[in-house]
Amino acid sequence: MEELARESISLLGKSGLEGGTPSLSSMGAIFIMLKSALGAGLLNFPWAFNKVGGMHTAIMVELVSLIFLISGLVILGYASSLSKHSTYQGVVKDLCGPAIGKLCGICYIINLFMICVAFLRVVEDQLEKLCDSIHSNNTLYAMSEVSQSWYMDPRFAITVLCLVIILPLSIPKEISFQKYTSILGTLAACYLTVMIIIKYYVMEHPVLIKHEFSSNAASWASMFSVVPTICFGFQCHEACVTIYSSMKNKCLSNWAAVSVVSMLICLLIYSFTGIYGSLTFGEAVAADILMSYPGNDVAVIIARLLFTISIITIYPIILLLGRCVIQEAWLNHREKSLFVTLTYERCVRVVITVLWILVTLLIALFVPDISEVISVIGGISAFFIFIFPGLCLVCAVESEPMNTKAKSCLTAWGAISVVCGAFVFGQSTTIAVMEIIAKF
C-alpha cells in the first residue's frame with residue numbers, strides 16, 4: 001500500500017517523495033516490498049494448497065503466477081519512469097487516460113474496502129478461538145452445561161473492538177504515530193511460518209493428517225481456485241510505484257532484480273506455510289490456518305495476538321487511504337457549489353470513517369469464512385497485478401520509439417496480461433459470489 005510504503009521509506013530516512021533527492025537503496029526497497037506483501041493473506045495458503053489438489057500443483061500455479069507478478073512490477077517501474085508520477089493511480093491516469101484512471105481509483109477503493117473486511121474477519125476468527133480457550137478453562141463450565149455468556153461471543157467482542165479501539169484510531173486526519181507498528185504484519189507472517197513448520201514435526205496428535213495428494217484430482221477449476229489467494233498474498237503492486245520513485249538507482253535492470261528477489265522471498269515463505277500447513281491437517285485444514293490449532297496452545301496464542309494487534313494498527317492506515325480518495329472526490333465536487341470549511345471537512349471525514357467501519361464490520365460478521373473474502377480481493381487484485389500493468393505497457397510502447405519487433409512483442413505481452421487478468425477477475429469473483437450464496 002502506498003501509505004505504508006511512504007512511511008517505511010520515511011523510517012529508513014530515505015524519503016524522496018517530497019521533492020528531495022531519492023536515496024532509497026535496493027536492500028531498503030526489498031524490505032519495503034516484503035513489508036507490503038506479507039500479512040494476513042498467509043493464513044489462507046494451507047487451505048488453498050489443499051483445495052488445489054496438492055503441493056505440486058499449487059507450487060506450479062505459484063510459479064506461473066510469479067511470472068506475471070514480477071512482470072507487473074517491472075512494467076509499473078518502467079511506466080513510472082515515463083510518467084514521472086509517484087503513485088499507482090497517477091501513472092495509470094497519465095499513460096492510459098482519465099477514464100482508465102477513474103476505473104483505477106474505483107478499483108483501488110473497493111480493494112481497500114475488501115481488505116478491511118478480510119482483516120476484521122481474521123480478527124473475529126482469532127477472538128473466537130481466544131474466547132473458546134478462556135471459556136473452556138473455566139472450572140464452572142466444566143461442571144455445568146450452561147451456554148457461553150453473551151459477552152464471550154466473538155461477534156460482540158469484534159463489535160466492541162471496532163467501536164472502542166479501531167474507530168478512535170481511524171478518525172484523526174493524520175495517523176503517522178502508527179507507522180512504527182506497521183511492521184507487525186511482517187513479523188506475524190514470519191512467526192506463523194516458523195511456527196507451522198515446527199508444529200508439523202512436534203505435534204503428537206494432529207487433526208486428521210492426510211499426506212496423500214493425488215495430482216489427478218486437481219481439475220482446471222481447482223487449479224485456478226488458488227490464484228485469488230496468490231494475488232492477495234503477493235499483492236504489493238500498488239506500493240511499488242512509490243517505492244520505485246524513491247530509489248536512488250532507478251535503472252530498470254536494478255528494479256527488476258529488486259522485484260525478483262522480493263517475490264522469491266515471498267514465494268518461499270508462502271510455499272513453506274502452504275506445504276506444512278496442508279500436510280499437518282490435510283482436508284481438515286481451515287480457511288484460516290490458526291483456526292485448525294488448539295485454542296490453548298501458547299505458541300498459537302502468540303500468533304493470534306500478533307495478527308490481531310497488527311491488524312488493529314494497520315486497519316486505520318488502510319481506511320485512511322480509501323477515505324482520502326473518497327473525501328477528495330467529494331470535496332472537489334462540493335467546492336464547485338459552496339465554500340468548504342474546516343468544520344465541514346471534519347464532518348465529512350467522521351461520517352466516511354464511521355460508515356466505512358460499520359459496513360466492513362457488518363460484512364465481516366456475516367461472511368462464512370475468510371476464503372470467500374480473499375476470492376473477491378484476489379479478483380480485484382487482478383486489476384492491479386495484470387490488467388492495469390498490461391494497459392500501461394500497451395500505451396507506453398505506442399509512445400516510445402523502438403523497433404517494430406520489440407514493439408509487437410511488448411504489445412502482445414501487455415494484451416496477454418490484460419486477458420489473463422480479466423479471466424482471473426471474472427472466475428474468482430463469480431466463484432466467490434456463488435459459494436457465498438450457496439452457504440446462505
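From the backbone N, Cα and C atoms, a Cβ is placed for every residue, glycine too.
Quick look at what Swiss-Prot annotates:
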TRANSMEM  29-49  transmembrane segment
TRANSMEM  58-78  transmembrane segment
TRANSMEM  100-120  transmembrane segment
TRANSMEM  156-176  transmembrane segment
TRANSMEM  183-203  transmembrane segment
TRANSMEM  223-243  transmembrane segment
TRANSMEM  255-275  transmembrane segment
TRANSMEM  300-320  transmembrane segment
TRANSMEM  350-370  transmembrane segment
TRANSMEM  373-393  transmembrane segment
TRANSMEM  418-438  transmembrane segment
Contact between the transmembrane segment (156-176) and the transmembrane segment (300-320) (at least 3 Cβ pairs under 8 Å, separation 6+): yes
Remote residues contacting the transmembrane segment (255-275) - C-beta distance under 8 A, at least 6 residues beyond either end: 26, 29-30, 33-34, 37-38, 42, 45-46, 48-49, 55, 58-59, 62-63, 66, 69-70, 73-74, 77, 189-190, 192-193, 196-197, 230, 233-234, 236, 240, 244, 247, 289
Stretch with greatest number of CB pairs under 8 Å, the transmembrane segment (100-120) reference, 223-243, 373-393, 418-438 candidates: 373-393
Outside the transmembrane segment (373-393), six or more residues from its ends: residues with CB under 8 Å to it: 41, 44, 68-69, 71-72, 75-76, 78-79, 88, 91-92, 95-96, 100, 104, 107-108, 110-111, 114-115, 117-118, 121, 227-232, 234-235, 237-238, 364, 367, 410-411, 413-418, 420-422, 424-429, 431-433, 435
Paired segments the transmembrane segment (29-49) and the transmembrane segment (183-203) in contact, 3+ CB pairs under 8 A: yes
Winner by Cβ pairs under 8 Å against the transmembrane segment (300-320), considering only 58-78, 183-203, 223-243, 418-438: 183-203
